[in-house]
Amino acid sequence: SHSAGALPPPTTAPPSPAARHHTARPAMAAAAAALASSPLVHLTAAARLRLPRPRPSPAASSRWGYPRGAYLDWRPLRRCDRMRRFSVDEGGGGGEDGEKRDEEEAAAPVEAKVGAAEELGSERSRSGSFSSSSSPSSATPGVSSEPPLLSFSVDNIDTVKLLELLGPEKVDQADVKAIKEKFFGYTTFWLTREEPFGDLGEGVLFVGNLRGDREEIFGKLQRQLRELTGDKYNLFMVEEPNSEEDDPRGGPRVSFGLLRREVSEPGPTTLWQYVISLLLFLLTVFSCIELGIASKISSLPPDIVSYFTDPNATGPPPDMQLLLPFVESALPVAYGVLAIQLFHEVGHFLAAYPKNVKLGIPFFIPNFTLGTFGSITQFKSILPDRKTMFDVSMAGPLAGAALSFSMFSVGLWLSSNPAGATDLVQVPSNLFQGSLLLGLISRAILGYSALHAATVSIHPLVIAGWCGLTTTAFNMLPVGCLDGGRGLQGAFGKDALFGFGLTTYSLLGLGVLGGPLSLPWGLYVLLCQRTPEKPCLDDVSDVGTWRRGALIASVFLVVLILIPLWDELAEDLGVGLVSSF
């Protein structure tokens with residue numbers, strides 16, 4: 001063996017440059033292939049071993065006549081020689097043979113090393129390596145200043161390639177080229193530029209000038225896309241981003257977005273979603289029964305009432321088995337609240353079926369004050385246009401509000417009828433101060449003397465209808481992915497939803513809407529329903545004046561339902577006693 005201080009002179013005459021080039025190139029290609037396919041290189045992301053780079057030896061040029069810069073001083077790399085031979089030369093060649101081969105590789109001409117680096121880059125690209133290093137100084141085997149086993153680091157990862165593998169599938173550029181050549185032109189859509197489209201830029205947005213009626217051109221492009229690619233893509237017609245002027249034919253300027261079907265369409269319902277939906281429904285049934293029991297507050301045991309209503313109550317909790325006799329009498333209220341919510345979901349499905357829109361299973365949200373906060377129902381297919389989004393979204397609240405108001409009105413009529421006194425329950429009169437509109441209707445039907453007492457005798461249908469109307473009003477707030485948010489997005493677009501959403505969050509945070517329920521409802525929306533609905537295929541076409549008018553009237557009624565009666569107005573109207581309970 002030789003000392004690490006100096007490299008010994010060769011025992012034979014050095015080969016000619018042509019012979020060295022002929023013999024070194026196959027060896028370099030084999031080493032490059034082994035390095036690119038080694039699993040250790042792909043899996044090692046630890047900190048690299050920093051070694052000094054080799055430098056040309058002027059003495060070598062004068063002693064042996066090699067071209068200046070061809071001979072490299074290997075002294076700094078001898079300490080990692082065993083590790084290098086283990087990671088690259090696993091087929092043998094240890095000892096003097098390995099050192100001899102190292103000397104031959106070090107003495108190879110510069111042009112041989114450059115050729116080997118090019119072969120290494122091609123082998124890495126064919127093997128799918130993430131390494132982005134392709135320079136001759138860092139990719140040539142036998143000349144690299146870093147051992148192959150420890151030379152891989154995070155900064156060498158091709159992050160673009162990694163995101164392509166882990167992220168959503170992007171559109172095929174060959175298909176994009178065919179679409180531009182075959183679909184767009186003077187008579188349809190004159191393309192001017194392309195932009196990324198989608199949440200992660202996985203699609204393509206075609207920006208240009210429309211040359212005809214937008215609905216006709218969009219339908220023609222959809223048919224041509226199906227004929228060319230089948231069900232591979234979905235084509236969207238959206239408003240042109242950052243457009244400063246409208247289309248000369250009226251309406252906003254439009255662009256066309258292209259996304260893969262598996263990226264743009266919602267996924268199927270999983271088994272775990274069915275399990276979670278069932279568990280939430282059982283909890284909602286329990287919360288509705290609890291609401292029915294709470295409606296019997298005047299006849300409940302005093303220990304239980306004080307424990308749950310007095311914040312200063314101390315001592316051990318009362319026996320909950322005392323509530324079992326009240327479960328049967330609480331079922332009418334529970335049935336009424338559940339019926340309203342189920343009718344709400346039926347309205348969604350009845351409106352979605354003729355339009356071929358698939359809906360997911362509802363996820364009921366339990367609430368011990370109203371029985372339920374409603375449910376989360378997702379779209380399981382892309383909506384064709386904004387009219388469909390508006391109709392399907394508004395059908396549920398319309399059905400739920402119709403049944404709730406019917407129960408509320410019938411319950412008030414039965415409450416004012418002495419013949420049905422056996423079915424009435426006693427509730428505190430200040431509960432009617434929770435809604436401006438519902439409190440005024442109750443005051444008009446029951447009268448001043450009935451609502452100005454400490455307690456009021458009402459039918460259970462009044463409680464079910466009141467809770468149903470309040471829940472429907474909360475779900476009709478124009479924010480996020482609630483029914484009201486979807487309706488507003490369909491009627492006025494996503495930009496209008498952003499402005500109305502900020503206003504709604506502010507009113508909920510100040511307690512203006514919903515009173516004591518504003519904070520839990522605002523947290524529920526932020527956690528579960530804050531994201532707007534995805535755009536429709538035709539996200540530009542107008543929904544019509546009457547739909548917009550119906551939405552404005554609905555939002556006005558929602559505000560009247562959720563604004564509580566303030567003390568001065570309640571005292572003047574005789575709605576409840578301000579300090580009666």
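Just so you know, glycine gets a Cβ as well, placed from its N, Cα and C.
The feature region 'Disordered' is assigned by TrEMBL to 1-30, 86-149. Per TrEMBL, the feature compositional bias 'Pro residues' maps to 7-17. According to TrEMBL, the feature compositional bias 'Low complexity' maps to 107-119, 127-146. Summarising the annotation, TrEMBL assigns transmembrane segment to 271-293, 322-343, 363-383, 395-414, 434-451, 458-477, 497-527, 548-566. Residues or ranges marked as domain 'Peptidase M50' in TrEMBL: 334-492.
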Folded-back contacts onto the transmembrane segment (548-566), same chain, C-beta under 8 angstroms, at least six residues removed: 390, 394, 397, 432-439, 469-470, 473-474, 476-478, 484, 487-488, 491-492, 512-515, 573, 575-576
Mean per-residue pLDDT computed across the domain 'Peptidase M50' (334-492): 89
Sequence-remote partners of the transmembrane segment (458-477) [C-beta within less than 8 Å, at least six residues beyond its ends]: 291-292, 295, 332-333, 335-337, 339-341, 344, 370-374, 396-397, 400-401, 403-412, 414-415, 420, 423-425, 427, 434-435, 438, 442, 483-485, 487, 504, 508, 513-514, 517, 521, 525, 554-555, 557-558, 561-562
Remote residues contacting the transmembrane segment (322-343) - C-beta distance under 8 A, at least 6 residues beyond either end: 284-285, 288-293, 295-296, 299-301, 303-304, 364, 370-372, 374-375, 399-400, 403-404, 407, 460-461, 463-465, 467-468, 471-472
